[in-house]
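K.L.:
Have a look at this one.
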Amino acid sequence: MLKNILPKILKKSAILLQKISSKKFSDPMDRFYFDQFLSATPGKDKQPPLTLTIPSENRGDKQFKLVDGEEKSHLEVWAKKGDKTPGTICGLDRINNPGLNKSLAFTIEERQLLGIHGLLPPVVKTQEQQIEHCKLRLGRLKDPLDKYIYLMDLLDFNEKLLYAVVRRNISEVMPLLYTPTVGTACLKWGLIYRRPRGIYITFYDKGHVYEILKNFPESDVRVIVVTDGERILGLGDQGACGMGIPIGKLALYTALAGIKPNQCLPITIDVGTNNEEHLKDPIYPGIREKRRTGKKYDELIDEFMHAVVQRWGQNCLIQFEDFGNKNAFRLLEKYRDTFCTFNDDIQGTASVGVAGLLAALRITKNKLSDNIILFYGAGEANIGIANLCVMAMISDGKISEDTARKKIWMVDSKGLIVKSRHELEPQKKPFAQEHEKETDLIQIVKDLKPSILIGAAACPGVFTSGVLKQMADNCARPIVFALSNPTSKAECTPKEAYEETKGSVIYASGSPFPPVEYNGKTYVTGQGNNAYIFPAMGLAAMCAGIQSISEDYFLIAAEALASQVKESDLAQGSIYPPIDRLLECSTKIAIRLVEYAYRKKVASVMPEPNDKEAFVKAQMYDTDYEPAIPIFYQMPLGETDKDKKKSK
Ligand SMILES: NC(=O)C1=CN([C@@H]2O[C@H](COP(=O)(O)OP(=O)(O)OC[C@H]3O[C@@H](n4cnc5c(N)ncnc54)[C@H](OP(=O)(O)O)[C@@H]3O)[C@@H](O)[C@H]2O)C=CC1
Ligand SMILES: CC(=O)C(=O)O
Ligand SMILES: [Mg+2]
């Protein structure tokens, strides 16, 4: 945007500058400063004369008083037009604003114009040099949690730099901002808490949720990630400490899908916690009570949903994240048709899981419906994947829903899900099959002969040597996903999977693992994580104005992701594109979703853009610094009252 309008601004500014320079300055300091500005050559790294330090009365809204010779500050002019631009934020406020700060990348000229000259060390750095500096700082820290704290501090100090660091080093930085380190951060949230980010709504705020949302200063929030902290990764109930998750997810929204930071809002709904350690911990930052449930809980969530719409509109996406199992399914059913919402653990995970399977089928060279799939864990993640598998089988294999379901078996904490179990929750019932009760996983794998085994139960190591060997006996290329997070909860490691199956396994994990050597070959583990999906879903929902996100979007996203897996990825054993290509992947998925929304006639952003790719890309956050345009550069853009009179 700015790239296009900048030449116009500069042309108009040149005319204005000529006009101004012919005027008489009432304040000699103004004349002096103006002359210095004209002689400054942008991009030239020169030391300014010391006398250029701007006196405090010439900073901020008193900086230039030249509006056609009238005694008006430029701020007054902009304020009148109701347009507060970055150019109006000067002095320390500029450096302290993480959205506008460039730290040492402010040029000497910008420092003079913004009244921050002398407030920074004299060196001027490029963003590339700053990124290298950040990597140097990160490299000195040994503990991943310290690295997390450093990155969060950077986010609070210089947003563009943080996101540039992430985008240039996704595979190194994502494990710090996201799983596994974000899990550690949640466990220690009380200890590492430093400054506000996002919104905490407690049970006691019931009846006042809208007022709390109004306290958040951004008027253009487009994506909210909300948790109630009940099931944080595979770490259980973390109460208010769960806030690390919405913050981490939204950092990925910006880094990987270009949703602007000011359009993102992390929210924690604190209804207490059943985590005894937190309840006893003097530095626990949440309300120190047992978790509330029932009618009052539902009323609070309902009030929250409506307050969001009232504050930011029907198109504001609300992503449910890491809610406990019961609430997650219930709330999704309740809100999915009437709000712009999805549950990432159910639907986002479904999409990434199916994408991995679709890519793996290019190795096994069969259809999804030719496989028997066994899910270990029948919770949000696996029920989500199972349901989307049914959809994928129907659309690909031309089989009935009933036949598709028969290909799918599930195990929960009580064993195999079979018809004779009468206590089953509604979401499990459609997967109950005729079989005797069974709890031993090796026996189940032996009996049912699955070719695909997917774990999401947060039971580390449950895919034992016996289970993996049996999978290898079942078929030539068994598919095994160990999706539980963080790393410590994985059902098996890639090393175990390759060794126990003698290299025949097609493996993916939810958290990152380094490459594995087996039998002279290096295997790269694909990360089956919903991070491949939710940023793209949010970008598409925002761009097209999708008001209700139906299940078909997640199948399309899965296909779009699978289509980006290259033969070279498969050859290395990875069924996902490399993490470093995540920004490109999210963009492509979002474009496919936007095209679909317009084709389906459910997009609400009108007129329909002809070039969807350009349309999506134009809305994405750019980590490059923008020139700090001084106030009098901006003047020609707006018409003063005198200009209006002249043009009449
Ligand atoms: N890779 C990714 O993108 C994602 C990974 N996950 C990870 O998946 C894991 C589970 O998450 P989610 O599905 O949301 O959690 P849920 O709590 O919804 O489900 C957990 C499931 O595991 C079952 N389970 C628990 N203990 C056992 C056991 N000993 N034997 C067999 N089954 C057991 C539970 O059984 P029961 O129903 O009987 O209680 C339940 O069905 C977490 O580690 C999470 O981090 C989640 C989302 C995305
Ligand atoms: C990845 C994710 O959403 C989870 O583990 O909960
Ligand atoms: Mg989650």
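Keep in mind that glycine also has a Cβ here, set from the backbone N, Cα and C atoms.
Automatic prediction, not curation, is the source of TrEMBL annotations.
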K.L.:
Return the residue out of Asp298, Asp302, Asp345 that TrEMBL annotates for the same divalent metal cation site as Glu321, Asp322.
P.N.:
Asp345
K.L.:
Compute all pairwise C-alpha distances among Arg231, Asn485, Asn529, the residues listed as binding (S)-malate, and give the largest one in whole angstrom.
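P.N.:
Overall maximum Cα spacing for these binding residues reaches 16 Å.
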K.L.:
Specify all same-chain residues, apart from the site residues Arg231, Asn485, Asn529, whose Cβ lies within 8 angstroms of the center of the Cβ atoms of the (S)-malate site, ordered by sequence.
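P.N.:
Near the (S)-malate site, beyond Arg231, Asn485, Asn529, sit Thr179, Leu233, Gly234, Asp322, Asp345, Thr349, Ala381, Leu483, Ser484, Pro486, Gly510, Ser511, Asn530.
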K.L.:
Under a threshold of 6 Å between Cβ and any atom of ligand 1, which of the recorded positions Tyr178, Arg231, Asp322, Asp345 are retained?
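P.N.:
With ligand 1 as the reference and 6 Å as the Cβ limit, the list reads Arg231, Asp345.
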K.L.:
Measuring Cα to Cα, how far is Tyr178 (active site, proton donor) from Glu321 (divalent metal cation binding site) in Å?
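P.N.:
Checking the Cα atoms of Tyr178 (active site, proton donor) and Glu321 (divalent metal cation binding site) gives a distance of 13 Å.
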K.L.:
When you put Asp322 (divalent metal cation binding site) at the centre and draw a 10 Å sphere around its Cα, which of the recorded positions Lys249, Asn485, Asn529 have their Cα inside it?
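P.N.:
Candidates kept after distance check: none.
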K.L.:
Can you tell me how far the Cα of Asn529 ((S)-malate binding site) sits from the Cα of Lys249 (active site, proton acceptor), in Å?
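P.N.:
Spelling it out, the Cα of Asn529 ((S)-malate binding site) and the Cα of Lys249 (active site, proton acceptor) are 12 Å apart.
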K.L.:
For Glu321 (divalent metal cation binding site), find which of the recorded positions Arg231, Lys249, Asn485 come within 10 Å, Cα to Cα.
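P.N.:
Among Arg231, Lys249, Asn485, the ones whose Cα sits within 10 Å of that of Glu321 (divalent metal cation binding site) are Arg231, Lys249.
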